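Visitor: Annotation source TrEMBL lists transmembrane segment at 26-48, 60-80, 101-122, 142-165. The feature domain 'Tripartite ATP-independent periplasmic transporters DctQ component' is assigned by TrEMBL to 38-169.
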Amino acid sequence: MAETSRSALPDDAPALPAPLMTLCRLFAVLGGLVLLAMMLMTVASVTLRALANSPIPGDFELVEIGTALAVFCFLPWCQAVDGNVRVDLFTAKTGLRTRRLLGALGDTLYLGLAMLLLWRLIYGAGDMRAYGETSMILRVPLWWSFVVILPAMALLAITCAASIAGRLRRSFG
């Protein structure tokens, strides 16, 4: 994965600690590997369907699970590099300090959402495990995906908190 230097980030981006950036990057690499595996499986399934009329059973289930894993793995990195979509129509001409403070406000809202999702995902994972919920064809226990999803959400929350601190420190420090 390409190295992201401070100069590649916007001036109003938060300054995050290097270990946190590394952890976010590792989760993003994991998400990329999941996408690569899904791509290879899809190519194999389509090829088998065309040549032998026998696709990989449950390929769509694996793509569904893999997509969820990849998305959750990418969220912390997207936050770390200030890559979330925002409409800066009204803030583009404001001062750097104002943009940083508005960024901190946005990060605070995102932190609240991340914490809410983490809280509910913990209960959802517990319920899926307790009731033995599985995928329809392959019977893959669905709670297994939460082994990756929950740490990714926790990392997102930590990254949001560090982003808030970084923006405030750069605004007032």
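We count from 1, first residue shown onward.
Note: Cβ is positioned from N, Cα and C throughout, glycine not excepted.
Just so you know, TrEMBL annotations never went through curation; they're auto-generated.
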Visitor: Summarise the model's confidence over the domain 'Tripartite ATP-independent periplasmic transporters DctQ component' (38-169) as a mean pLDDT value.
Guide: 95
Visitor: Would you mind splitting the domain 'Tripartite ATP-independent periplasmic transporters DctQ component' (38-169) into helix, strand and coil residue counts from DSSP?
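Guide: Per-class counts: 101 helix, 2 strand, 29 coil.
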